[in-house]
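Everything on this sheet refers to the single structure shown next.
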Amino acid sequence: MRSPVPERSLIIESDDDDDTQSAVATNWIGHGHGHDEEEPEQEPGSDSDSSSSSSSCATPRRGPSSPAYTQQWPQSYRQSIDILSSVHSSNLSFLGTPTLSRLSNSFLAITDSFRGKAPETISNFVKPLLGPTSSDEQQQQQHEDTRKSSQYIMPSRKSSLEQIPEDQKPLVVGHEASRNRNCSYTQGVMNGINVLCGVGILSTPYAIKQGGWIGLVILCLFALLAWYTGVLLRHCLDSKEGLETYPDIGHAAFGSTGRIVISIILYVELYACCIEYLILESDNLTKLFPTAHLTIGSLTLNSHVFFAILTTIIVMPTTWLRDLSCLSYISAGGVIASILVVICLFLVGVVNDVGFENEGTALNLPGIPIAIGLYGYCYSGHGVFPNIYSSLKNRNQFPSILFTCIGLSTFLYAGAAVMGYKMFGEATESQFTLNLPDNSLISKVAVWTTVANPITKYALTIIPLAMSLEELLPPNQQKYSTIIMLRSSLVMSTLLIALSVPFFGLVMALVGSLFAMLVTYILPCACFLAILKTKVGWHQIAACSFIIAVGVCCACVGTYSSLSKIIQNYT
């Protein structure tokens with residue numbers, strides 16, 4: 001049997017004026033090839049404390065009194081979602097601090113340790129792009145001994161799934177996060193918009209085609225309910241010490257089973273988004289190059305299949321990257337990309353004389369279930385909202401931040417929906433980019449922007465799932481080749497599903513009906529009632545019950561309708 005992995009823990013006092021906690025625990029898992037060296041204890045107000053205030057916004061570390069469920073799977077959720085959703089501070093300090101260098105290094109630093117590279121080599125391989133400040137250098141020097149004697153490895157199955165007594169629980173995680181809450185109001189809003197405004201904006205005109213103009217009422221209702229359930233998640237996080245993520249809330253509400261079930265739902269939703277990315281790339285590249293094909297002997301691949309495979313070949317190496325901070329920063333431009341695509345849609349209607357002449361129908365009852373799924377997909381960011389809340393410098397601003405980012409996102413959704421449907425009417429495709437004129441420069445800008453954005457987001461979206469599976473690997477399988485094979489297999493599986501179900505709008509409606517309804521509307525209310533059932537009034541119970549009923553009805557109707565239409569496309 002393999003000997004247990006030694007653990008080290010360190011208590012660091014914090015002087016952060018905005019942080020109500022007085023201490024945080026920094027823990028390392030060492031699988032050394034020599035003797036472990038104890039890290040010296042930091043004094044309150046030391047330079048290492050002050051330097052951390054310049055780090056990029058990320059979720060804070062848990063305190064030494066962290067509950068036992070912090071030891072349970074998935075431990076990597078917080079850090080991986082922070083990378084997925086992070087919009088870094090305007091001074092780009094994340095490029096110059098050792099914190100993110102260690103965090104990004106931890107993704108695949110294990111790979112070099114199994115290939116025989118020394119930790120010093122690993123550290124040098126991911127040097128920051130900007131030089132560290134003097135306080136950063138002091139902090140980095142204080143941790144040097146630990147980094148030299150420790151290897152970053154994923155948590156073993158035993159340590160990630162086993163509860164330990166309250167008085168013996170150092171935090172055991174495979175990835176280090178920032179110790180401070182540094183996100184401002186603006187950064188929080190940008191985080192939220194970046195999560196909400198994705199590929200869903202392309203299908204809002206198609207949603208009006210399916211359900212009629214009355215669908216805009218559904219969109220606004222979903223927006224209002226999403227804001228309310230987001231605030232409920234905040235109350236859940238504040239109810240107990242140490243809650244920071246959606247899986248933590250699930251554990252507090254329903255125990256280990258709730259944590260695991262909610263985690264699986266969140267990961268499957270991210271996996272489905274990766275499938276959507278490949279379908280999106282295939283459709284839009286086919287629009288740009290409709291005659292493209294590949295012939296191999298007697299086998300001919302049409303443009304859709306060819307571009308789906310080509311996109312997979314492009315994005316697969318990005319899932320192997322050790323440092324994802326570059327992709328995280330680039331993908332934050334998704335906010336700009338969404339705005340640019342909507343502007344291009346408007347310009348096509350004005351400059352290219354497409355016009356806004358179509359009247360449409362007020363209500364198309366048979367298409368309402370599909371519209372429900374498409375509108376529900378637009379508000380599927382609740383898996384990230386707890387991370388955003390935990391990263392805020394002033395947490396009291398969260399309801400306002402949530403209202404702002406949901407309001408602005410709804411404005412973009414509604415604007416794209418109205419313009420797209422008025423321009424193309426009943427000819428509206430599942431992605432309005434497919435309706436844009438072929439010979440227009442503005443159209444090409446919109447399509448290429450749509451193509452570029454998912455390529456930067458694919459790795460960030462699949463990595464949380466990959467890391468969660470890597471946690472479950474036996475220690476003797478946590479090596480470079482195994483991790484690369486696991487991540488490559490996940491990417492290939494999304495390709496196979498994308499080729500098997502190449503229906504962008506229907507797949508989006510299915511994901512929105514099933515997973516978004518659960519994550520955004522049903523589970524927040526259920527967790528809120530389970531955690532705070534003795535402290536809530538009758539009106540809150542009534543409101544949560546109403547939202548759960550609406551979510552369940554929409555999920556059942558939308559899922560059935562989406563699946564039936566997908567099956568019809570095969571028959």
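For all residues, glycine too, the Cβ spot is worked out from N, Cα and C.
What you see is a predicted model, and the numbers here were worked out from it, not measured in a lab.
Marked as region 'Disordered' by TrEMBL: 1-72 (among others).
Taken from TrEMBL, the feature compositional bias 'Acidic residues' covers 37-46.
Among the features that TrEMBL reports, compositional bias 'Low complexity' is placed at 47-56.
Sequence annotations record features per position, and here TrEMBL assigns region 'Disordered' to 125-165 (among others).
Taken from TrEMBL, the feature compositional bias 'Polar residues' covers 149-162.
Under the heading domain 'Amino acid transporter transmembrane', TrEMBL lists 182-562.
For 214-233 (among others), the entry in TrEMBL reads transmembrane segment.
Marked as transmembrane segment by TrEMBL: 260-280 (among others).
Look at TrEMBL and you will find 292-315 (among others) tagged as transmembrane segment. Residues 277-279, 281-283, 285-286, 455, 458-459, 491-492, 494-495, 498-499, 502 of the same chain, all 6+ positions outside the transmembrane segment (292-315), place their C-beta atoms under 8 angstroms from a C-beta of that stretch.
Residues or ranges marked as transmembrane segment by TrEMBL: 327-348 (among others). Beyond its flanks by at least six residues, the transmembrane segment (327-348) meets 83-84, 86-88, 94, 190, 193-194, 197-198, 201-202, 318, 321, 354, 412, 415-416, 419-420, 423, 432-433, 436-437, 440, 442-443, 445-446, 449-450, 452-453, 456-457, 459-460 of its own chain at Cβ-Cβ distances under 8 Å.
The transmembrane segment annotation in TrEMBL covers 368-389 (among others).
Look at TrEMBL and you will find 401-421 (among others) tagged as transmembrane segment.
When Cβ-Cβ distances below 8 Å are used as the criterion, the transmembrane segment (484-504) is approached by residues 111, 203, 271, 274-276, 278-280, 282-283, 304-305, 308-309, 312, 315-316, 319-320, 430-431, 462-463, 465-466, 469-470, 473, 565-566, 569 of the same chain, each at least six residues removed from its ends. What TrEMBL lists as transmembrane segment is 484-504 (among others).
The transmembrane segment feature in TrEMBL is assigned to 510-532 (among others).
If you look up TrEMBL, you'll see 541-563 (among others) marked as transmembrane segment. Panel annotation: around the transmembrane segment (541-563), residues 225, 228-229, 232, 369-370, 372-373, 376, 506-507, 509-510, 512-514, 517-518, 520-522, 525-526, 528-529 of the same chain, lying at least six beyond its termini, place a Cβ under 8 Å from a Cβ of the stretch.
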- Select the range from 260-280, 401-421, 510-532 that forms the most Cβ-Cβ pairs under 8 Å with the transmembrane segment (214-233). 401-421
